[in-house]
Every structure is written in structure tokens, then in C-alpha cells.
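Okay, structure first, notes after.
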Amino acid sequence: MTTVETRGPALAGSTPALSRVIGILQRYALPIAILLAVALFGSLRPDAFLTWRNATAVLTLAAPMLVAALGLTVVLAMGEIDLSLGSAIGLGGALAVCAMSFFGTPWPVAIVLGLAAGAAAGLLTGAMVVRLGANSLIITLGMASVLTGVEFLMTDQRTIYTGIAQGYIALGQSEVLGLNLQVWIAGLIAICVHALLWHTEWGRGMYAAGENPEAAILAGLPVSALRIAGFVIAGLGAAIAGILLTAQTASAFSNAGQAFLLPAYAAAFLGSTASSDGRFTAFGTVLAVFFIGIVQTGLTMVQLSTGAISLVQGALLIGAVLLSRLGRKERR
Amino acid sequence: MTALLEVRGLGKSYPGTVALHPTSLWFNAGEITGIMGKNGAGKSTLIRLIAGAESPSVGCIMVDGRPVRFSKTSDAAAAGVAVVHQELSDLPRATVAENVLLGDLPRRAGQFIDGARRDALARAALDRVGLATDPRSRLADLSVADRRLVMIARALRKDARILILDEPTASLNEPEIARLHDLLRVLRGEGRAILYITHRMQEVDMLCDRVVVLRDGHLVADGPIDTCRGERLISIIAGQSLAQKSSVSAAAPLGARLTLENLDPFATGEPFELAVRRGEVLGLTGLAGAGRTELFEQIMGLGRSTVTLRETDERIELRSPRAAVAAGVSIVPEDRRGLGIIAPFDLAGNITAASMRRSRLFRGVPLLSRRIDHRRGGEMIARLGIRAIGPSAGIGSLSGGNQQKAIIARSLTVGSRLLLLDEPTHGVDVDAKAEIYGLVRKAAADGVAVILVSSDLPELERLADRVVVLANGRPVAELTGPDIAEKTMLRHASA
């Protein structure tokens, strides 16, 4: 009787050296992209781009975006989606400003009100998604409209710039140790989110719930509570971003948060390419926000038209993601 | 006469294992052939090769005496082979007509569906299988039996001359089975070759002209049904079991009795009880669909009604997986990739996932210490002999057997009172199997009550102190001592 020969899996047809280079490119796509961007804009406008002033300006501009994107990272790590992020940013900032402007509320209380609004919105979303089993995509799409509606009812769609306390404005405009206070706040939040996701039981449970909900439930993890907590964190992050934003401009203008929604997603997804298994991490999101901020500032400095900036920005984003996908396919 | 379908020296191997040794078989027109064998005997592999779902490693397939090569399922379909799978592979939200005519909907004026012709064609196809359902009704509203008939109608519409049915009577009741068999006899009369895969002796006896038995990837019997039935057939299927029970079963003294009350996996309203003692390995077996997995889900608090765990004076309601884990009940789920491993965590993280509390940096603060986590993971890696580069190894880089050991380690870290194992050696190699048997025995010796679900009967022979056979979500037999034998278990399960 003949025996059946055993064959190993077919080998992909590439040399080890090439696949190692591809591996490095894929693994470090984001840091490489940041270096390339700095080198590119630095060589185009060395006098303006490669300055401490510009570096701090990039960081300051990126701070509110970073906070919002970090909250979103938590939701994405759990395998959920939050489209109400932009509206929660707008509502959080507008509520704090309105409280001061209309009622003369002391600024710390106004901040607490703004944070509470963001957290409450997250809690409501989380409860609907988790307890009633609704799809987070459509629920948060509805919540986006609801929250924007609340903001507009409050502000009448006017820009509010009177009656804002100096202490509040100082949040966005004072410097500590050579950096804007917002940068320190955003950095602190980044550390907190990193610690939450990597070093706590909750974070482990969140990743587990996103990766393999059945396994997480069977292992006895409190998956429902964690999911709700994730949405609350995203709501809080959005509210903080809204407060930082209004403090930076010393005003609350209508629907200010919407412009942050898609860049926040871009940052989180781009950041997920920084981990070897495509996981959403705080660290990756920080890198991605830097990258997007650097490109935005650089493109403005080389005085491209708005259309060209938009085009190049999109192309760079796609390019960075594709770079990280290099070599993934042949591994399948 | 040339056979309608012939396989000549057909074999399939995967890296490391041979799923089907070279096998030669003939299937004639106007004949129903029963294909039998235990799980993993090679039945599914044979079917997948004939259906073009996989390419053979050696050998060839001939239809009408001409060699054919099926590189995809549509090649096989074009040659007249149709498979009705055990899991319903249909579109539940579409209409019956759309399912019958899938991929072949009548059109008019370009791409528009011709509704009238669609319904007429579907009606004709449904009449052939004796189904009076409205072609416009939604498939999901039909019973499982009717859905299978719809699948057969689809196969007949494509004029399948070779019809393969994989466990077609799973979850069907007696009248439904009789109706299906009548239909198959009619189709036999039309000169089709029918391959009928089943675990149930009785059906083969009633329906088939011939029976083919596979065991461990080898063809072990092929002959007219008259020469091969009853006890003789059971012996052929079971084979000689080489494993000696004494090799792993330790005569550890049994501890306290745990009773699980209010078990009712199919929510019939007639609950039953199971008792298992600490130090005992209770085996659970039954055919596919007998409710083994559902029973475990109910014990873990995921069923429609709550199970109560009783040990001496203590009564615990297992309301949720959290409550179950807190009570020291843990599960090693069947589908390791789907339900067990958590890919983003490293090996240590997977082991401690159900007991993270004990990796805390400070008491009462949910901050994890990586150091403690890795130390605890490392202890289990050493204790269970998990082969990996260390606690920080990616779980995905481990072999199937070692992943399974990691999931067992996770369960054991919960400080288990009751350990539920669902097909723990499914898809792991022989050596890892032996090690897992050792682990299960050791856990029992440490005072854990173990319930082991397995359709691998030799495994139960080797490992279980007592076996309960399930059918339709209820225990139908309890076997101890020498009664824990493949033949006896098969007889009860397939009765």
C-alpha cells in the first residue's frame, strides 16, 4: 500500500532579507513616517519649521485632538464605535462656556458641568448599547444629532465669547515649564489611558471584550460594565477636548467639535498600525496625532492651497496605513 | 456496468496527519450507501474531496468512468455532485424560492428577476420533494426538516445525480425522518447514487442498500447491509481500542458530592439533576445535537433558566458566568480559537485572565503587576508543562495542544471546584492528548470535580470514572466500570 506523503505549507516566494526589511517597515511605519515628515518639511522650510516655537505650536494645537482620540481609542479597543464624539466635544465645551457666560457660574464648576455632560452622554450611549443590545454605530449616530441639538438649543448657534472667566482661559493659554498647559494635561491623560489599557484589570477586560467577547464572558469578566465604562471614558475625553478647545480660543463657536470626529478616527486607526497585531493603543494614538499635527502644520507652512493640503494629507494617511500593511498579506 | 462515481486510491493528508488513507470505493446508480464512522474517522474528508471543497493529496475521482478533477465545489456541482450539509448552508432571511434557485434566478429584460417564473420553477422543485410550502415564505419560518428538504430541492434542480447527505436527520423527529427516507427511496428509484452519512444504526438498517465504514482514516468495511448490521456493525465502527483505562485512571478517594440542579439545556420545562464528586471525572457523551454544549452553557449561567450548585449545606445560584467563576466553576470551551484564547494577551495574560485579581500590585487596587502576572503564569507553565519561550510568548505562537493547556491552566487558577471540559483534545496531537489526560487526572486528584464532554469514545474509556449518555438534552443512560466501553456508549447514543 502506498503511503500518503505529507507536505508542509507552501512558502511565500520572497528572500529572508527582503521580508525582514518589509517587517521593519511594517512594524515601524508610523515612527518612520514622522521622521520623513519632519525631514521633508524641515528641508523645505528649515528656518520656520525646525524651531522650538513651531514644535510647541504643533503640540498645543494637537492637545485637544489627542484627548478626544484617546477616549475614542478605548471605545475602539472594545470593538465598538462612537460617532457622537464630535458632538460631545461641542456640547462639553459649549456647556461650560454657557454656564459662565449666562449664569456667571464659577469656572471650576463650569468645567465639572461640562465633564458631567460628556460622561452622562457616554453613560446613556453605553446603557443603550449594552443593556438593550443596540448597535453602537447607529445609536451613536443618533446621539450625535441629539447632542448637537442640545448644544444649539443652548447657544442658539451663536459664538459665545463674553463672560468667560480668566481662570478658564488660562487653561488654554498659560505656559508651564515652557509648554502650554494643555500639552501637560493631554500628556497626563495619555499616561492615564495607557495605564488603564495596559496595567489594569479593566483594560485587560476591555481588550478581551473587543477581541473575543465569548471568551471574556466565560472567563467571568464584567464585560457589560466595562463596555459602559468605555463609552463613559470616551464621553469624558470628548468633554475635556471641548473644554481645552474653548479655553484655547476663549470662545465657544457653533458645532466646533464636528471637525474633530474624522481626524480622531484617522488618528486611532493610524495609531493601531503601530502595534504588531493591529491593536488600538494609547501610545499608537499619541504617535498618530503627532504625525497628523506635523503634516498639517508643515503643509500650511509650505503655503499649499487648501485643496492641495487636503489632497496631500489624505494621501499621506493612506500611505502610512498601506506601509504598515506591507508584508501582512503574504503571511496569511 | 460502470459505477456512477468511483474514487480510486483517494487520500488526503495535512502537515503532520493523514486524514484519509488512500481509499477506493464505487457508488452505483440507484443505490443508497450508508457511510459510517466515529468523529474523525475520515467521513467528512471523503465528502469534502468528492464535493470539490478540497483537493486530494493522492488518487483520483471518476464520474461515469471518466476521470474528473474538482478544484472547486462548482466543478463538482457541474459534474452532478450535490451536498446537503449538516449545518444548514442556506439564506434564512431570503424566501424559499430564492433559496431553491440560488445563483440561477430566472431573468427577463436584462437583469430584472422574473417573479412569476421564479415562483413557478420553485413550486415545481418543491413538489418534487413533497413540500407544500409557499415559495414566497421566508426560509427562517420553516422547520429544520423543511429547510433540509429545500436544500434537497435545490440539489435536484441542478440535476444532481450524486446526492450526498451529511447527517440529514440530526434534530429531526420520527415522522420527519420517515418522510425524508421516503423521498430518498424515490430518488434512488430515479437512478441517483445517494451517499448517506449518519451515526444512527437504525437508519442505515432501514434505508441503505450498502454500508461503508471508515475508522482512523482507513476504509474498514464495505458491503451489502445484510452482511453488516447490529452488534457486528458497532464492533467494526468502534474497532479495537488500544488504550488501557488503568493507564491514567487513578483510584483517588472521592470527596464531597456536588449536585447540579435544574438542568434543562433545551428549556423543555422538565429539569433534571447531575451529581459529580470531587476527585471524579464524569464523562458526558451523545450524538451531535444531543445538548452537551448547551448543558455546559447553562451551567455557566448562559441558559434560559438558572442552575443551582449544591455542595453539602451550600447552595449557589449560577446566574451568570461571573457568578459561576466566583463559585469556582470554570469552563474550557470547545472552540478554542473562538471561545478560549484571547489573542492580544501574552501566554501569562491568557492563563490569569479569569483570576486577574491575584496579580494586583496592591490589595484592593485593580492595578496589575506584570511581574506577579508573569510569575503566576510561569508557575502554571511549569506545572502543566506548557511548551513556550516563556510567560510573555504570544498565545498565537503556541501549538494547538499547548494553547489548550493554557486554557486549562486558566480554569485551574480559578481554584476550581468544578471544571467543565468541552472536547478538550479536539484537534490536538497524540502526545499533547496524553499530557492533557494527565492534567485532567491530576486536577481530579487535587479535589476538583470534572465533567468531560467528549465524542471521542476511547477518550472517555480512558479517562472517565462514570459516563452519562445524553440524547435530546436529557440523560438516557449512566455507565460505570466495565460498561464504559465504546460499544455500549454507541448503542445508547444511537438508539
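Cβ coordinates are placed from backbone N, Cα and C, and glycine is handled just like the others.
The feature transmembrane segment is assigned by TrEMBL to A:28-44, A:56-76, A:83-103, A:109-130, A:137-154, A:181-198, A:228-246, A:282-302, A:308-326.
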Mind pulling out the one from A:83-103, A:137-154, A:181-198, A:228-246, A:282-302 with the most Cβ pairs under 8 angstroms to the transmembrane segment (A:109-130)?
A:228-246
Would you confirm whether the transmembrane segment (A:137-154) and the transmembrane segment (A:83-103) meet the contact rule of 3 or more C-beta pairs below 8 angstroms, pairs 6 or more apart in sequence?
yes
To the transmembrane segment (A:181-198), which of A:28-44, A:56-76, A:282-302, A:308-326 is linked by the most Cβ pairs under 8 Å?
A:56-76
With a Cβ cut-off under 8 Å, give me the same-chain residues at least six positions beyond the ends of the transmembrane segment (A:228-246) that come close to it.
63-65, 67-68, 70-72, 74-75, 77-78, 80, 82, 84-86, 88-94, 96-97, 111, 114-115, 117-123, 125-127, 129-130, 136, 164, 168, 171-172, 182, 185-186, 189, 193, 196, 202, 206, 252, 256-257, 260
Taking A:28-44, A:83-103, A:282-302, A:308-326 as candidates, which has the most Cβ pairs under 8 Å with the transmembrane segment (A:56-76)?
A:282-302
Pairs of Cβ atoms less than 8 Å apart decide it: which stretch in A:83-103, A:282-302, A:308-326 has the most with the transmembrane segment (A:28-44)?
A:282-302
